[in-house]
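What follows is a single structure, written as structure tokens, with notes after it.
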Amino acid sequence: MARGGIREKLRRSSLYTLANIRTKPSYRKEEAASEELSGYPRVIFVNQQTVSDDTPPPIFCTNYVSTTKYTLFNFLPIALFEQFNRVANFYFLVAAGLTFTDYAPFDWPSQVVPLALVVGFSLAKELYEDLQRHWQDMTANCQKATVHVGNGVFESKQWRDVCVGDIVKVKKDEFFPADLLLLQSSYEDGMSYVETMNLDGETNLKVKRALQNMSLPVVADDDKAVHFSDFRPTIRCENPNSNLYTFTGNLEYNGHIHPLDPAQLLLRDSKLRNTEYIYGVVVFTGNDTKVMQNTTQSPSKRSKIELQMDKIIYLLFGLLIFISIVSASGFGYVVRNLVPLWWYLMPEVPGEDFDINNFFVSGLRHLVTALMLYGYLVPISLYVSIEAVKILQARFINNDLHLYDEVTGVPANARTSNLNEQLGQVDTILSDKTGTLTCNQMDFLKCSIAGCPYGKRPSEVELAAAKQLKALDTHDEEASIGSLSDTTSLEAITITDDGNANKSQAIKGFSFQDDRLQNAKWLKEPNADVILLFFRILAVCHTAIPEISEKTGELTYEAESPDEGAFLVAAREFGFHFIKRTQNSVVVRERLSMDQEPVEKEYNILTLLDFTSKRKRMSVIIRDESGQILMFCKGADTIIFDRLADTGKQYLEATTKNLNDYGEAGLRTLALAYKKLEENEYSDWYEKFHKAQIASGSNREELLEELSDVMERGLTLVGATAVEDKLQKGVPECIDRLALAGLKIWVLTGDKMETAINIGFSCSLLRQGMTQICIVVSAEMLAEAAKHVIKENILSQITTAIQTIEDKKETRAAFALIIDGKTLTYALEDDMKFQFLNLAVNCASVICCRVSPKQKALVVRLVKEGTGRTTLGIGDGANDVGMIKEADIGIGISGVEGMQAVMASDFSIAQFRFLERLLIVHGHWCYKRISKMICYFFYKNITLALTLFYFEAETGFSGQMHYDDWYMLLYNVFLTSCPVLALGVLEKDICAEFCLQFPALYQQGPKNLFFDWYRIIGWLANGVYASFVIYIVNLRIFSPESFRKEGQTADMYVIGTAMFTSIIWVVNVQIFLVSHYLTQVQLHTIWGSIVVWYLIVYIYGMTPVDWSAGNIYHQLPEVLGPAYKFYLSTIFVTILCNMPYLIHISYQRCYNPEDHHVLQEMKNMKKDVTDTKMWKREQVKATQDTEIGLSARVDAKMRLMKGRTTRKYSSLAYSSS
């Protein structure tokens, strides 16, 4: 508010605040009962460092808030514990320790170096990600607050330094640094407006009022608040809790006790609006604040693929133990029966390797050796490779220009890379509404006056439906029956809208387009007098305050609801400009003719009957300049229609039809009516109403409601409004695409039920013809009935709803579940929550309204644990933090509600519409990539490790390796790492465009088709087969005959190098065959790995003899290089090992192709260009059946039109017969 403007003219605010917000009367301390002084556990000494008896004040938590996972002192212990909590890492830790003993079959670097690289890389990644969270926390904690330091002086401190008991000054548009008790505001009566969007998602302003009778003087904004120098009250209140809407306690000051209630509590992260400043005392700080109490502990999230990967590792450990036992048993058998015959080993001399007199101990010793030798079955570099791949995948997500919002300049941000593949397995999306689906803007779009509809511009839902219907008409000839006229009209509207796009952007809150009402042309309409009444109701019936913008100097409105703001903007554009409010009047500048200047008219406000969620209406009784008393009323159509006089229903039928059309278009509607009052009639009524206002009995509110109801009868209908709760760009299309991909969408919002239902229609989660199941308990029952009675009532509603769904007659019948927060409190209790979940999962859409942040998290937990499916929570405010943390994947919207949701999220995006590409494209790709990468990793390690087992069995289970230690070290770390990294980062089964055109492909992830046990066992079996072929073929080619013309035979190291060469070729050709999308990077890594292997063998063979083990010296140029068998064996083994996969994939593509195989063939044959009808037909087939979204809305409308056409033809046939 401009300084010295409205505030100077308006010192009292009782007229335009909610009438039911009144502070309780204070009383003297001597009159208080003892329990009122001692019953509250939290005692706060305001403005006092010590208590009067020199005892230190109570210790409360600091105002420092942290979302990090580690601290400086616990990082290494916790991070190392988590790393070695992985069974594979723990195994290699033990194995690395044993390499320093005589049991090791190889030198220590072959185990210690890979382990150090793997663990070190993982620790560095964890440290980097946690540091990012730490810097974001520091940004929040280092914000500035103005705190009283003594003698009325206020100084700037950081939020983290604010303490309980401090007096804080907060200025307009600033956030509250902690939970404050309101002491004083810039208004004399202590009123202030607060925006709680961060907490409950509501955009309307809340009215808070300071304690009365405190005798605190109002001071100018720049003056010292010297009266706080000696202000030292004591506050006794409840302990910290998560309930946003309750607060009890009392304040002792000057011998009086002032009862406290939620009207005085200002919550952290809410914003001061429409008030120059407030003073408040800090009651809760840091983790004790309401918003932090509603947050849940950050869980350690792991993807389902990673959890299943652990099971595979356990399986491989079982295989490792099994073959180790076989090896140890074989070694014991050899020691007992064969070694005594081998005289050259001097078996009679006991040694460290064996003892023929104690073969059992020899077997146990060999078991340790075997467990280390076959450890290559377990891929040590798997974890670090996955970490590296996920980081690179996250970089691709961050750099995707299709996820970049040009308006705000905000890109997507993968805040953690642990859950990339989980994006491709989501089953249920649980979304916030305000700021997530909507953009917190109401636009006046249409209206109905005297039964005549006005407003030609279509809503976003109508535009999206027209686009969808047009797309269907192009490839479905049947769909064109009966739908052409609708499509044509919608297309015509779309063209008209494009011509005025600039205008809709120029006037915020006003998207109305109809020349019949604009520019004073309404005066030529047949019902001009009714239209005049309509505009005056818009301009007068509200509680808004005009405000001069400090930036632009223009007049804007601070309204308690965004609808009121849109109505006032519409009234201004129609020529009825609300310009001023005084304590008992409003002034409107009215333009009644284009030829005349606007005329200011003052309307005296006699009584204001506020809007509440229970009344669902508001009324204002005014006296115009002619002395006529009028009552203007606006509210929900059902409420207004029930209160119409018999003579006031002239336009009821036509208005009802228009309202149904507006509802189908996803618009929020209100009905407008009026009533003329005689002086005596009003005076008699007001006398009773005033007595009820000042009454102090327990039935005061009931009396006021009864009297209000009496006055609001006998109304005359004027018309109805239709405003559009502006969805974020692309929300309807995004929801439609997600629904076609088979995803379920729930909305969890803090808004009232009517608002949530309207948004449900706007984004096509609800539609006409869908049965709405409302689970609601009346306020009377909640207030009066026992808990078990309430629960029985809710359970009865749930049971009846389930039975209704089971008994549905139509196969395409759709149901939507709507439940409010108070009812949800009981439905989430242990003895009822699974019945509620059973009902919810059988509904096409679920909307939970008036839910607290804690309830959002509990609903997510119920869905996650009750269904076992992957959940995704998405929101943009602090009230969504618990939900985001609880979900398997948390998405934060970088919106206007601060960064709390983003800081708690796993991924952040700028708009809800980007969720479509994040899941259907990146989620699908990441799931396929990680699945294929892990399966291939196990395959290549089994291929190598089992050749060691075969060789050991061939050599009497001696524990001897035929591979050089350096070859083993380089296999996972270097020789085969780059191709698998390229596979995990760059692989694509289909392009992004196809992913979006064929959304049903996404279901491959939730159904886990590419990482099920069938596919895993297949890859493991392929590795067993390849290892057997590599060993047998190479052994038979190189032994026992000579392999060179000179007659030389192959020793152990020659056979080992030949086998290793075959392994390198086999696994690299296999990854070449597996890849669908071969880029230059992948080709270079695959063939480069093979070339590098030959270079390593050559260079390693050129090193001095004492640097290598065995006969490696000049092995490639002098031993293997000249031998043609070396090359023939490599080629033959490579073909033989990969032939089964080639046969399998060829048969599958020909006779049992998967969805992506069909699309790949169609793309290669360019069917999207040469046969568009076939392409469109396949697109329609590649969708999941859904009852939500634009497609479902269009489908239902087409079925309705076809039904009408069928009935029409049937009646014509009957008539002709």
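Glycine is treated like the rest: Cβ placed from N, Cα and C.
Not measured: the values here are computed from a predicted model.
These come from TrEMBL:
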DOMAIN    58-107  domain 'P-type ATPase N-terminal'
TRANSMEM  312-335  transmembrane segment
TRANSMEM  367-386  transmembrane segment
ACT_SITE  Asp432  active site, 4-aspartylphosphate intermediate
BINDING   Asp432, Thr434, Asp876, Asp880  Mg(2+) binding site
BINDING   Asp432, Lys433, Thr434, Glu564, Phe611, Lys634, Arg668, Thr749, Gly750, Asp751, Arg850, Lys856, Asn879, Asp880  ATP binding site
DOMAIN    902-1153  domain 'P-type ATPase C-terminal'
TRANSMEM  933-951  transmembrane segment
TRANSMEM  966-986  transmembrane segment
TRANSMEM  1013-1033  transmembrane segment
TRANSMEM  1053-1074  transmembrane segment
TRANSMEM  1086-1103  transmembrane segment
TRANSMEM  1123-1143  transmembrane segment
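TrEMBL feature annotations superimposed on the structure.
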residue : record           : contacts (Cβ under 8 Å, 6+ apart)
Phe611  : ATP binding site : Glu560, Ser561, Arg617, Met618, Gly635
Arg668  : ATP binding site : Met442, Asp563, Ala722, Val723, Glu724, Asp725, Glu754, Thr755, Asn758
Arg850  : ATP binding site : Thr749, Gly750, Asp751, Lys752, Met753, Asp820, Gly821, Lys822
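Distance noted between the C-alpha atoms of Thr434 (Mg(2+) binding site) and Asn879 (ATP binding site) is 11 Å.
The binding-site residues under consideration are Thr434, Asn879. Their Cβ neighbour counts within 10 Å are lowest for Thr434.
Note: the CA-CA distance between the residue listed as 'active site, 4-aspartylphosphate intermediate' and Asp876 (Mg(2+) binding site) rounds to 8 Å. When other Cβ atoms within 10 Å of the Cβ of Asp432 (active site, 4-aspartylphosphate intermediate) are tallied across all protein chains shown, the result is 31. The average pLDDT the prediction assigns to the domain 'P-type ATPase C-terminal' (902-1153) is 88. In summary, the transmembrane segment (312-335) does not lie against the transmembrane segment (966-986): fewer than three C-beta pairs, each 6 or more positions apart in sequence, are under 8 Å.
If you count C-beta pairs under 8 angstroms between the transmembrane segment (1013-1033) and each of 367-386, 1053-1074, 1086-1103, 1123-1143, the highest count goes to 1123-1143. For the transmembrane segment (933-951), the list of distant contacts is 305, 309, 312, 316, 323, 327, 373-379, 382, 385-386, 389, 960-963, 971-972, 976, 980, 983-984, 1011, 1015-1016, 1019-1020, 1022-1024, 1026-1028, 1030-1031, 1059, 1063, 1066-1067, 1070-1071, 1074: same-chain residues at least six beyond its ends, Cβ to Cβ under 8 Å. A 10 Å cutoff on Cβ-Cβ distances gives Gly750 (ATP binding site) a total of 28 other Cβ atoms nearby, all chains included.
For the domain 'P-type ATPase N-terminal' (58-107), DSSP puts the residue distribution at 22 helix, 0 strand, 28 coil. Counting Cβ pairs closer than 8 Å and at least 6 residues apart in sequence, the transmembrane segment (1086-1103) and the transmembrane segment (1053-1074) reach three or more and so form a contact. When Cβ atoms from all protein chains are considered, those within 10 Å of Asp880 (Mg(2+) binding site) total 35, not counting its own.
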